[in-house]
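Engineer: Found this in Swiss-Prot, in case it helps:
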- 100-113: compositional bias 'Polar residues' (COMPBIAS)
- Asn222: N-linked glycosylation site (CARBOHYD)
- Asn241: N-linked glycosylation site (CARBOHYD)
- Asn287: N-linked glycosylation site (CARBOHYD)
- Asn423: N-linked glycosylation site (CARBOHYD)
- Asn495: N-linked glycosylation site (CARBOHYD)
- Asn542: N-linked glycosylation site (CARBOHYD)
- Asn552: N-linked glycosylation site (CARBOHYD)
- Asn580: N-linked glycosylation site (CARBOHYD)
- Asn660: N-linked glycosylation site (CARBOHYD)
- Asn684: N-linked glycosylation site (CARBOHYD)
- Asn715: N-linked glycosylation site (CARBOHYD)
- Asn744: N-linked glycosylation site (CARBOHYD)
- 96-120: region 'Disordered' (REGION)
- 1-30: signal peptide (SIGNAL)
Amino acid sequence: MPSKSIADHHAGYGVALAIVALLLIHGTALVMIFSDIKVGSQPQDLKDQLSYPSNYDAYTSHISGADHGHSEMWTDINPPSRKPLHGDSLDIKTNEEHITLSSPRTSTKTTNENGHEKDSKDIKFSFSTNRHPISVSPTTDIVSIAVSHNNPMGGDTWQVSRNGPNTVHVPIYGKPILRLNGEELSTQIAHMSMWDELAGSFKTFAATAESFHMITTTHLFNKTLHKDVFFVVHGWHGITNDTHIFLSAVRLLTRMMPTSCIIYLSWESQGAIGTAADAILLARRVNITQFLSAMPSQLRIHCMGHSLGSYVCGSICRQYHSLMSGICKGILGINPYEVLFSAPDLYARMHVDTIRLDAEYVAIFATTSQYLSTSDSDADEYIIVNDAVFMNSVCANPYEWNIHLCTTGYGELKSCERFGAANVTTSPGVVEDGSQICLRMLPIIAVLQSLDLKSSYPLLRIAPPDASNEVTHLPSIWNIYVVGKDYRYSTYAKNDSLWYSSAICAGDTGFSIPSVFTVFAPPSISLRVRAAVQQSSTIYKNITIYSAFLKNTSRYYPTVTLETLGPILSAYAWRGRMHNSSYYPLPLPEQEIMEYKCTHIDRTYTCIPTDLIYATTVWRQIFSMGHIFPVYPSNNCLPYRPTNAIIWRRPVLEIGVWNNITASFQRNKQLMALTFENHNTATNTTLLTFHDVCRESKIRSVVYFEYDWLETSMNITVLIPGLYTLRWFFPFEIIEMPVRVSYNNSFAQALTTSRV
């Protein structure tokens, strides 16, 4: 792609620049991400250059127009200009900071750069001519590169740390899995059911070792095909029996996940039909140890539980750990506190024994935030889905509600199931509001909707109640295939619970997952998005970011009306999907992004989609088709494709060769990527993405780079004179800093001495 001037690249954003100019004139401080960037002398004892292999996208198609956000890294992001002379300068003043908004490109690789949020401090520079080596020690937690202390004039100039350049060491993420003692478990036998596709019926059996051998000999369990066992567990049956809802769910899961063994677990005989108080206690004592003991040890265990079934999942995983010393891959709890609507005084009892330690990844899918608070520690991620309007409309006729759910998965697998009031029965003599039953069942169906490759839930990070210093509005994607947190964010390696909001639109033909509409605007204006399920905003420096879940029910991006006098700076919409391509077999979540063009009409803005669609990968661990697809790279960093951003341009930094730039930034900021543009060779190289240092042989002799992820700091040393640009990418902004490197007297002296 040909390079563009700054003016050309940002055409159409004159309003944005005007607003920013006014802010600058009035002396508004442009608060920056970095708490400190300083320049010091670099120790001249580097050794052993990093050797960078090819990028992660080995399977990317090179066919024009087939780009899905997985293409060659940074091929069209800030394309370098012509090769400058050493005396040339960039078109950036040396005493002023510039801000603008990134703009879309018109090629098939449309890229709108990206950045982050919340208050932060200005970049500060301090210059030093001290040539004494600084002390650099390898970190013990997350280490990318460590500096050796050999003669810098001989051999290579890099040394990879013993842990490798791309290893993420999780300081506190290892979970102490709890074991159950045999005497604590129920002596009653639970029952299980599986769908037999050949027979066209369900097979029900006791949860014993003999039963596992039976399903093996009858090929319900296939040793060759089945790599995962996926338990589905119902909740409290003291008032309502929803067995048929779950059997329909099991049939759908069996058809959509052919490489997984899907098993429905009924625990009525072990306490599910008792009182709510008893059921809460007995859910942790459900016993299937005999069945688990007969299973091959290499199987991966997953469990999805509704209401108290979430805690039964925890019991299953503890038994599995006690028997096999294995750890469940994931637990998905659907409205686990639902029973509290009948017995709110039992809240404390449910939190005595958390399920969060029972699997590698625990997610809670909830349609209400009631009973969820910062004291909750039951999940790695909470997915709070707004359902108030649409689910109530589905349940308007409480005894005739009906949903026909159809999903399309990998390999064009398609299946449909009908869920409705006819699938639910109530206990004799018990009268319950049918609409309440309907509202309890819909979250199960909402989770099953995400089996469809185009129906992943768009997520926006929210702060838990009473929490402070949370990074909100960070986007992500979630669906039933997810078995790991979002790798892109620093919270991947922390034990903090993450909270996300999402939304859903329900109808008698199934569910539709809404798109998210995002607007960048000055902080002084009032703005409301029409036809939104929910909306929120956050003030980010001198920009306000508005986000709203649109309640459109089609697969198409709608025209959006903004109630505001403006001005607005930028707008786009995005939704979640799973990548599905013959060219790139990894089934990873993606954020599909549509650029919008907005026109001011009277007291509103009308925003129309531009048909410029691109996608960026959301790196989460996924299980599908018999495989767990890891997200962390084996020998290189992962591609990062940014969305929209505020661009902050810093003055040119003048330094000498071998001077060290140390950049540190606030811990609550999320660095997504760092690129290094070499104007001398017209190349742009990615130095890191997320937690991983990239490997690129072309820059072996040009730059030294060291990244301390835990300490949120880095050292950068340029080894050859010339003109360069460093770009730090955050979820909502980009920091650009031109660097002019030249020989100085101290370096020339050292060079002469070394040569002698």
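A Cβ is built for glycine as well, from the same backbone N, Cα and C atoms used for every other residue.
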Engineer: Relative to the Cα of Asn241 (N-linked glycosylation site), which of the glycosylation sites Asn222, Asn495, Asn542, Asn715 have a Cα no more than 10 Å away?
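Structural biologist: Of Asn222, Asn495, Asn542, Asn715, within range: none.
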Engineer: With every protein chain in view, how many other Cβ atoms are within 10 Å of the Cβ of Asn495 (N-linked glycosylation site)?
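Structural biologist: I get 14 for this one.
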Engineer: So which one is it: of the glycosylation sites Asn222, Asn241, Asn423, Asn542, Asn684, which has the fewest other Cβ atoms within 10 Å?
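Structural biologist: Counting other Cβ atoms within 10 Å of each of the glycosylation sites Asn222, Asn241, Asn423, Asn542, Asn684, the minimum falls on Asn222.
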Engineer: Quick check: of the glycosylation sites listed here (Asn222, Asn287, Asn495, Asn660, Asn715), which one has the Cα closest to that of Asn542 (N-linked glycosylation site)?
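Structural biologist: Of the glycosylation sites Asn222, Asn287, Asn495, Asn660, Asn715, Asn715 has its Cα closest to that of Asn542 (N-linked glycosylation site).
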Engineer: Measuring Cα to Cα, how many angstrom lie between Asn684 (N-linked glycosylation site) and Asn715 (N-linked glycosylation site)?
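Structural biologist: That comes out at 19 Å between the alpha carbons.
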Engineer: How many whole Å apart are the CA atoms of Asn222 (N-linked glycosylation site) and Asn660 (N-linked glycosylation site)?
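Structural biologist: Spelling it out, the Cα of Asn222 (N-linked glycosylation site) and the Cα of Asn660 (N-linked glycosylation site) are 59 Å apart.
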Engineer: Roughly how many angstrom lie between the C-alpha atoms of Asn287 (N-linked glycosylation site) and Asn423 (N-linked glycosylation site)?
Structural biologist: 27
Engineer: Between the Cα atoms of Asn495 (N-linked glycosylation site) and Asn423 (N-linked glycosylation site), what distance do you get, rounded to the nearest Å?
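Structural biologist: It is 39 Å, counting Cα to Cα.
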